[in-house]
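For reference, the structure discussed in these notes is given below.
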Amino acid sequence: QQISWTPLLVLGYLFYLLLGAMVFHLLEKQAETHFRDQFQLEKLKFLQNYTCLDRQALEQFVQVLMEAWEKGVNPEGNSTNPSNWDFSNSFFFAGTVVTTIGYGNLSPSTVAGQIFCVFYALFGVPLNLAFLNQLGKGLNAHLLTLERWVQKPGRAQVQYQFSILAIFLTIGTLLFLVFPPLVFSYVEGWSYGEGFYFTFITLSTIGFGDYVVGTNPNKHYIPIYRSLTAIWIVFGLAWLALVFNVGADLMERFLQLKWHKSELSLAEGATTKLEDEPEQPRIHIPS
């Protein structure tokens, strides 16, 4: 009888979520409390320095800042800040919609823009998936070509596939995960760790929105900077999606292999037990 490994996968998935929740709770809760207390202390100091203001007026101003941030307006700087909806930034936003990244730092504020965004995503997300699928097929074709190129007599097929996978992972890691953080660190002023964090969070379509390129009002960006970033995101998504698919396939095969081995051991144990038991007398029942 075949044993289903689906319940084990469900339990493992839930356990992984619980583990992540526990770790994030332990790592971030104390820091959040510290920042919250520090913010309240800064507000108190501000009221003490500017006695003409009361707490209610300060809270109203903080609310104005929060609303401005939610509408995509950076409170830093002045009215000369570049627009969030010029063509380059709009192109970048359109890319975050169809790729389902959704940073959350910018969203349509007009009713017409919100309605258009719904229908744009309704058709754009499947179109993006079809495009990434076709792009993945092209990458697979190049991988097969590379496999035939490096294939030499006398080597096992597993060695071919392993070498091709290693080359694919190495080149992709350099192009999409190692070199881009260097560029972002130089342009945005981030550390390399922050740039790498942004790179992975973006290409995995998690998109927290805590780090977004081209949003610092104190920096001057070239007009096509965010457009080029959007193109990099598309190709990086295709590569990382293939990596995730390979990882998921290997995990499924590993689980199936483990269950297959357990089934074989159970079957062998049952056979051994039957062989060790003495043969019982059989009763013939006439029909």
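Even glycines carry a Cβ here, placed using N, Cα and C.
Please treat TrEMBL annotations as automatic predictions, because they have not gone through curation.
Note that the structure is predicted; figures quoted are calculated from it, not measured.
Among the features that TrEMBL reports, domain 'Potassium channel' is placed at 80-137 (among others).
The annotation domain 'Potassium channel' is assigned in TrEMBL to 172-252 (among others).
According to TrEMBL, the N-linked glycosylation site annotation covers N78.
According to TrEMBL, the transmembrane segment annotation covers 6-27 (among others). Sequence-distant neighbours of the transmembrane segment (6-27) (same chain, 6+ residues past either end, Cβ-Cβ under 8 Å): 255.
Feature annotation from TrEMBL assigns transmembrane segment to 87-106 (among others). Non-local neighbours of the transmembrane segment (87-106) in the same chain are 72, 117, 120-121, 124-125, 127-128, 202, 205-209, 212, 214-215, 223-227, 229-230, 233-234, 237; each lies 6+ residues outside the stretch with a CB under 8 Å from one of its CB atoms.
Counting only same-chain residues 6+ beyond the ends of the transmembrane segment (112-132), those with a CB under 8 A from a CB of the stretch are 94, 97-100, 234, 237-238, 241. Among the features that TrEMBL reports, transmembrane segment is placed at 112-132 (among others).
Within the same chain, residues 139, 143, 146-147, 150, 190, 192, 195-196, 198-200, 203, 232, 235-236, 239-240, 242-243, 246 sit at least 6 positions outside the transmembrane segment (162-183) and bring their C-beta atoms closer than 8 Å to a C-beta of that stretch. Residues or ranges marked as transmembrane segment in TrEMBL: 162-183 (among others).
Residues or ranges marked as transmembrane segment by TrEMBL: 195-213 (among others). Taking Cβ pairs closer than 8 Å, the transmembrane segment (195-213) reaches residues 96, 99-105, 176-177, 180-185, 187-188, 225-226, 229, 233, 236-237, 239-240 in its own chain, all 6 or more past its ends.
Within the same chain, residues 88-89, 91-92, 94-96, 99, 101, 131-132, 135-136, 139-140, 165, 168-169, 172, 175-176, 180, 187, 199, 202-205, 213-214 sit at least 6 positions outside the transmembrane segment (225-248) and bring their C-beta atoms closer than 8 Å to a C-beta of that stretch. Taken from TrEMBL, the feature transmembrane segment applies to 225-248 (among others).
Helix, strand and coil counts from DSSP across the domain 'Potassium channel' (80-137) read 39 helix, 0 strand, 19 coil. The predicted model assigns the domain 'Potassium channel' (172-252) a mean pLDDT of 89.
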